[in-house]
Every structure is written in C-alpha cells, then in structure tokens.
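**Q** Annotations for this protein, taken from TrEMBL, read as follows:
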{"type": "TRANSMEM", "residues": "12-34", "note": "transmembrane segment"}
{"type": "TRANSMEM", "residues": "40-65", "note": "transmembrane segment"}
{"type": "TRANSMEM", "residues": "77-100", "note": "transmembrane segment"}
{"type": "TRANSMEM", "residues": "112-131", "note": "transmembrane segment"}
Amino acid sequence: MAEPSLRHLGRLALPGAAIGAFAGPAALVLALVAGQPADWALATGVALGLPLALLGGGFGLLMAAGVISPGVFAPTALYWLAGFPLARLAHEALVGLLLVGRPVLPPDPAGFLAYQAIVSLGFAIGFSWLYERIAPGWLRRIRHGNPRAERLYQFYLRHAEAQWKARESRRQARAAARAASGKGAS
C-alpha cells in the first residue's frame, strides 16, 4: 500500500484530536466554576487541551493503522493509562510556564503520575465512547481516496450490520414467543 499523504493522516487523526482538544475548554470552564482566576483557567485550558489533542490524534492514527482495534476497550485503556498521566504532567509544567515563566512539576511526581493513571480509566471510557460515535460518520465522509479511512469505515459498517441483524433476530424471537404463548392460551 502506498504511503498515506499528510492530508490523509491529518484527516484520520482529526476525530481523536478534536475529542482531546475539547478537554481544554472543559477544563477552562470547570476552573472558572471552581473560582480559579481567569488567567489560570485560560492557562489550564490551553495546557491540558494541547497534549490531549496530540494524544487523541495519535490514537486516531493508531486506530487507522490497525494497531488499536475499533470496539475493543483494553487497548484504548492501555493507551490512555500511559498517555493521560503524561498529558497531565505536561499540563502542570505548561501551566507553570504560562503563569510564572518556568515549568512547575508537582511536589511528588511519582504519586501524581500514579493517581493520574487511576483517573485515566475514566478519561479512557469517555474518550472511547465519544470516539466510537464520532469517528464512523467522519470516516464515511473522508473514505473516498483514503484507503485507511475506507478500511476502518468498512469495519464500523460491518459491526453496525451485525448489531442490527442480532437485534432483529432477538425481536423476531420475542414476536414468535409471544405468538406461541398466545396460541397456547386458546
């Protein structure tokens, strides 16, 4: 297969990058609601959104390359188990850089990273849920001329068809059971 163009790679990375970037404004709003000063809230929004956008885009590229399988949570959880704590460490350093002119690390980096690894599972669940809902529609739009997008889109399409067939089969079985129980009562 030919090497994908930078444009194709960027388009494959976009859903994950957008989800990761969305965490920045969410953190900004939460910081303001918590009563943090506006400059700190803005710094935290930028400093958290940037590394999570980069990691989210990387996730999309790994998904497109077939390294991470769609619909399988364990690889996603492992990706964010490593990525989320690093993003939070970058966030802490960047906030310090933006506010006081030098990177600031937490007093206990090992404890900080361990706690962030625990929190990463929640982020992985939310990221995965959003990605599995946003990516298929985006892939449908960009799949023409982009073999990796086409392959990934076809996977999602086959999965949706299998889900639909299973639901229809259960529906028909319930209807048949209701019909059979109605005949037995006569």
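A Cβ is built for glycine as well, from the same backbone N, Cα and C atoms used for every other residue.
I'd like to know what surrounds each of these features in this structure.
**A** Within its own chain, the transmembrane segment (12-34) has Cβ neighbours under 8 Å at 4, 40-42, 44-61, 63-64, 123, 127, 130-131, 134-135, 138, 142, 146, 148-149, 152, counting only residues six or more beyond its boundaries.
For the transmembrane segment (40-65), the residues of the chain that approach it from at least six positions outside its boundaries are 9, 12-25, 27-29, 31-32, 76, 79-80, 83-84, 86-88, 90-92, 94-95, 98-99, 127, 131, 135, 148-149, 151-152, judged by C-beta separation under 8 angstroms.
Same-chain residues lying 6+ beyond the ends of the transmembrane segment (77-100) with a Cβ under 8 Å from its Cβ atoms: 39-40, 43-44, 46-48, 50-52, 55, 58-59, 62, 68, 106, 109, 112-113, 116-117, 119-121, 123-124, 127.
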